[in-house]
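*Asks:* Below is one structure. I have some questions about it.
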């Protein structure tokens, strides 16, 4: 137990010592490189010469910035050199006598960016160079400067001159190992263990080693394609499956234990393939089990009656999986690596300078001239890798790709893209402008059509619609027009075109005036022969039509008169007796003559009964009769009209029926009024 305690105490002590040493080493170094010291006369600052010569050494004091440098404490550090030479001499990079050039002034704090520097040259009469061992007048020269200084690898050259001496030197500030940043305050130590896998960049940031990622490069990058949820890895390019999953990329579920011919979508399932059944899909149902057509361990699935599908194992193809595939056919090896097919995959044999599963990582350095097309190589991470700075028009990790700045088709509206070294330009089609031909230019904007022509902007130019009297591409040509084409003159006037003004002039005939001869002058009115002619013609036409109508009527009246008629004589005596009363008789047929026969009793016929024949209601001839005799008491002679005889045996004549010949063109109608003492005989067509 005591031994264990002592061992633990020892380790703790060693750790403290290491930490103290690390802190004492500081975070940076101020370096001063002496180059040349000139003391041609070999004298001291007091002007007294050195005997036999000035054996010169230097004391350097570095301190914080002061506007006026004082000889106080050297807060940033101090250093002395051995004797470097006599009088005038040049200082080598590493002087003899155990001195170091450049001189190192380490500091263990954040570099402030400003400083004050004192450089003293002393004469050493003996070998003891301690300040207390030297007389005060042994000083040869003293210079003091102050300024700002950034951390960097570049040296700043300076030269200080006094009355008797001249000193040329250079200086810089660099960070100590494992310190980075603008003020050497960032600590970074590369490592490749459980706590991280990285190197340090020039700014102190971590740069993960290939295959690692994360804030401190502790997370491995799994095999490409490894399922994010179903797989994991403990080292790069590895893919370990979680429970229930299998396969190279852990994307295949593990079916239920004992599942023979089934699949799964989640772990521990057993979904039978077609043609198999049972709890574990081990019962053969059809063609696949009976005939086993699939080769090389392929899975057979029934897809119908006597049909099947073979699911081949990796590395096989064909209908029955009878053909073997090589995984090297896809050329997985990069950078010229050769592929070797293996039973469970493939292996890439990488050429010199490359490594990795697919030879994707390069081990080249700038010494191998890896940059093409004039690219410059720059080493990174202390030569662990490199970066190529490509010239214009080239890109890629090794400047192997030529940049085509027209690939993105930047020119619009059909413009042509042209490469012009580090830039590009667009050649626009007519009608477009702009850096990328994005602006449409209207050819009509400048009003190119003359004399009031109308401009039409076309895709590849413009077109002018010219007004009357102008032609040409821009309506610039004046042309004469036929002003008389529209016949503007009236009343048979003669039209002339005025070529100077492109207008018309009307030469009017006698009797008309006006710009178009549209106004008549005061002349005696002429006889209206046209109206008279039309009236006379119309009258003649009406007369002819009347004559034609009369002729047609006469032709219709010339039928035979001996036709059979139904006369009043066909009536019975009683009917005759009551046919004609002693009232007025109206005969509407002017062609017929009325005769009343009173029969045997003539007494009534001798009476004055005023049987009057009234022809007023007869508009025209209605029929033709052949009955002889006249009515004795007629007020109007019937002339040559054919008689219509009416016979009656009684003194009263009562007419109650129609009597007329049925086959004649006219009908004699006996019209009986409401009063019995009135009898009307009429004809009706």
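Placed from the backbone N, Cα and C atoms, the Cβ positions cover glycine too.
Owing to the predicted nature of the structure, the values given are computational and were not obtained by experimental measurement.
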*Asks:* Which range, 191-195, 196-200, 201-205, does Swiss-Prot list as region 'Interaction with Notch1'?
*Replies:* 191-195
*Asks:* Using Swiss-Prot as the reference, determine which range in 530-550, 551-571, 572-592, 593-613 is annotated transmembrane segment.
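*Replies:* Transmembrane segment, as annotated by Swiss-Prot, spans 530-550.
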*Asks:* Based on Cα distances to residue 264 (disulfide bond), point out the closest of the recorded positions 270, 393, 399, 506.
*Replies:* 270
*Asks:* Going by DSSP, how much of the domain 'EGF-like 2' (252-282) is helix, how much is strand and how much is coil, in residues?
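*Replies:* So the domain 'EGF-like 2' (252-282) is made up of 0 helix, 8 strand, 23 coil.
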*Asks:* Within 10 Å of the Cβ of residue 264 (disulfide bond), how many other Cβ atoms can you find? Include all protein chains, please.
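*Replies:* I count 16 other Cβ atoms within 10 Å of it.
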*Asks:* I'd like to know the mean pLDDT over the domain 'EGF-like 2' (252-282).
*Replies:* 88
*Asks:* Could you check which of the disulfide-bonded residues 184, 188, 200, 259, 449 is the closest Cα neighbour of residue 239 (disulfide bond)?
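*Replies:* Sorting the disulfide-bonded residues by distance from residue 239 (disulfide bond), the top entry is 259.
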*Asks:* When you rank 108, 393, 399, 506 by Cα distance to residue 208 (disulfide bond), which of the recorded positions ends up on top as the closest?
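*Replies:* Spatially nearest to residue 208 (disulfide bond) by Cα position is 399.
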*Asks:* Given the disulfide-bonded residues 217, 250, 253, which one's Cα is the least distant from that of residue 449 (disulfide bond)?
*Replies:* 217
*Asks:* Of 183, 217, 371, 390, 393, 489, which recorded positions come within 10 Å of residue 175 (disulfide bond), going by C-alpha to C-alpha distance?
*Replies:* 183
*Asks:* Considering Cα atoms only, can you say which of 188, 205, 259 is the nearest neighbour of residue 506 (disulfide bond) among these recorded positions?
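*Replies:* Among 188, 205, 259, 205.
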